[in-house]
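Look at Swiss-Prot and you will find 98-101, Lys120, 127-134, Asp298, Glu458, 474-475 tagged as FAD binding site, backed by similarity to another entry. Marked as site 'Important in orienting the L-aspartate substrate' by Swiss-Prot: Glu199. As annotated by Swiss-Prot, active site, proton donor/acceptor applies to Arg373.
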Amino acid sequence: MATGIASGCGQLHLRKPVYLRNSYGNKAHCHSNVILNGTQNQIAWSSWVSNVLRVNRSSYPECQVIKTNWKSSRGTIKSCQQRDGSVTRYFDFTVIGSGIAGLRYALEVAKHGTVAVITKAEPHESSTNYAQGGVSAVLCPLDSVESHMQDTIVAGAYLCDKETVRVVCTEGPERIRELIAMGASFDHGEDGNLDLAREGGHSHRRIVHAADMTGREIERALLEAVFKNPNIHVFQHHFAIDLLTTQDGSDIVCHGVDTIHTETKEVIRFISKVTLLASGGVGHIYPSTTNPTVATGDGMAMAHRAQAVISNMEFVQFHPTALADEGLPNIPSARENAFLITEAVRGDGGILYNLDMERFMPMYDERAELAPRDVVARSIDDQLKKRGEKYVLLDISHKPREKVLSHFPNIAAECLRHGLDITQQPIPVVPAAHYMCGGVRAGLEGETNVQGLYVAGEVACTGLHGANRLASNSLLEALVFARRAVQPSIDHVNVSRIDHGASSWWPRPVAPMVLGDTVLNKVICRTREVRKELQSIMWEYVGIVRSNSRLNTAEKRIRELELEWETYLFQHGWEPTMVGVEACEMRNLFCCANLVVSSALSRHESRGLHYTTDFPHVEESERLPTVIFPSQRNNSWSSRQLHAQPIS
């Protein structure tokens with residue numbers, strides 16, 4: 001029997017270790033262990049993470065301009081310029097990401113210290129802002145927490161952690177009330193009560209929404225509160241490069257993060273007592289995704305390089321209904337991300353047809369259009385492959401025009417912009433990468449195996465979603481875990497101190513300006529080509545339906561592509577400590593793609609979002625989360641922290 005050990009943790013007994021291959025050769029080495037087998041009692045999700053891995057403790061408001069020194073109600077924020085001109089900023093809390101999880105957490109911890117919110121683009125540019133459907137919560141007397149729990153567990157193919165599900169479904173209603181108290185405005189019915197929608201996989205109406213722009217309204221309300229808070233400082237256009245960690249015996253400790261300003265190219269170091277990763281998902285490992293352009297897996301990759309435990313990366317959710325541009329009367333120019341057609345369209349009675357206007361969902365599942373997302377996405381994929389077509393049709397035109405326009409104004413406007421009236425014509429739709437159900441493994445308070453590092457939102461794997469996320473549970477999970485991470489973070493801050501000499505503990509990343517514009521442009525151009533190649537490999541071999549032979553092909557081709565890209569960089573004068581936004585995004589995409597493929601290869605069954613023709617059935621013995629343990633034997637540039645020892 002093999003034994004896997006997470007950094008700083010006790011032993012976990014496995015039936016077998018699983019390997020990630022070395023990116024610089026054919027010889028496999030133990031890069032990480034992936035747990036699938038063993039008894040359920042040996043790896044109870046909540047107790048394992050919360051105990052064994054417990055750490056010691058609309059329009060948007062204009063973003064405030066961040067200067068060198070600021071004042072807050074708690075005194076001066078320290079900002080130091082080093083002799084080489086580099087800048088270090090000191091905070092009690094650093095939050096990476098400005099979506100619902102990061103902002104909600106920041107507003108709470110700001111009552112106890114200074115907070116830096118680091119965001120890659122503009123503050124509102126997050127997956128939250130693109131969320132259409134809503135937030136699920138038990139707010140109707142006819143509904144129950146038990147019913148919400150059961151729907152979540154069934155949708156998750158019985159891989160969910162029951163305690164996590166109970167916590168989220170129980171605490172969700174209060175988190176919604178807090179949002180409303182903060183100024184978020186949701187739709188109400190004629191009776192004055194919240195208008196609750198129903199979506200696929202839900203047995204009751206429990207979706208709180210703001211038309212089909214729920215995320216935008218939540219983001220607006222949270223940003224408004226954040227910009228009014230003197231203890232919160234938002235750093236827009238700051239791209240997080242790597243977490244700053246040290247090894248203390250068997251423990252790994254996080255001290256902050258290195259960033260690069262995406263416009264000035266200045267490298268800025270943030271030192272803090274607590275860091276929250278709330279950086280979103282990894283949709284752009286695929287060519288078509290509903291995620292914003294910032295979703296390149298930065299948080300998951302940084303955490304993996306920092307020796308955090310990663311889990312369930314094989315479960316990539318493809319939303320069944322993204323707008324198929326080629327089916328529109330007026331085909332738009334290329335989009336950076338696919339336009340989502342919310343689950344609520346099917347929840348309100350939308351019907352799926354093939355291009356011959358034949359309804360097909362009842363052939364696949366008795367719940368038809370209201371089946372969970374994994375079922376609907378696979379059904380559409382099957383139709384497209386059998387019929388040789390590129391999209392299917394989602395029809396809501398049989399519903400009253402006024403109802404359609406009031407419930408889905410954003411979708412109606414987008415389609416009309418390209419010549420399609422959804423009140424009279426069906427909508428062309430196709431599956432697109434949408435949500436990562438895996439991520440950085442977290443306990444019930446958002447804690448990780450890295451001291452001082454907490455996670456919330458899509459970057460985290462809490463056990464809520466299991467093998468497939470239930471519609472509208474993502475914003476709910478983010479709210480609940482952002483709030484649950486607050487008290488342990490405060491406790492950690494209260495027993496920690498900032499060492500103002502810490503800035504010199506790690507070598508500084510450097511912008512590659514010395515390469516010159518000509519070489520730099522070549523590197524950027526090649527990186528963009530490689531990015532498209534990686535996305536093509538992932539869609540072709542690691543898509544909705546998989547097989548071991550195709551996954552092995554993907555693993556080999558990704559390994560070769562990564563080696564070729566890194567060799568190209570270093571042959572053109574790139575150094576291991578150099579950083580550029582596109583290069584750093586590329587290393588993160590490679591890191592996450594490798595995690596997805598290795599996790600998929602280790603699961604010998606079909607469950608939820610992971611469907612493989614080699615193991616087409618659910619196996620009870622495989623009903624365990626996949627766990628990737630940290631390893632220090634990472635030889636590729638993409639898999640190493642920049643401040644780690646140089647590549648040999």
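Note that the numbers count up from 1, one per residue, in the order the chain is shown.
A Cβ is built for glycine as well, from the same backbone N, Cα and C atoms used for every other residue.
Feature map: annotations from Swiss-Prot on the structure.
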{"residue": "Ser98", "record": "FAD binding site", "Cβ contacts under 8 Å, 6 or more apart": "Val117, Thr119, Pro123, His124, Glu125, Ser126, Leu223, Val234"}
{"residue": "Ala101", "record": "FAD binding site", "Cβ contacts under 8 Å, 6 or more apart": "Leu276, Ala278, Ala456, Gly457, Ala478, Leu479, Phe481, Ala482"}
{"residue": "Thr128", "record": "FAD binding site", "Cβ contacts under 8 Å, 6 or more apart": "Gly99, Ile100, Gly215, Ile218, Glu219, Leu475, Ala478"}
{"residue": "Ala131", "record": "FAD binding site", "Cβ contacts under 8 Å, 6 or more apart": "Thr214, Gly215, Arg216, Ile218, Ser474, Leu475"}
{"residue": "Gly134", "record": "FAD binding site", "Cβ contacts under 8 Å, 6 or more apart": "Phe186, Ala197, Glu199, Ile207, Val208, His209, Ala210, Thr214, Ala344, Ser472, Leu475"}
{"residue": "Arg373", "record": "active site, proton donor/acceptor", "Cβ contacts under 8 Å, 6 or more apart": "Ala155, Gly200, Gly201, Gln317, Phe318, His319, Pro320, Glu343, His434, Asn468, Arg469, Ala471"}
Students should find that the Cβ of Glu199 (site 'Important in orienting the L-aspartate substrate') has, within 10 Å, a number of other Cβ atoms equal to 26
Around the Cβ of Ser474 (FAD binding site), other Cβ atoms found within 10 Å total 28
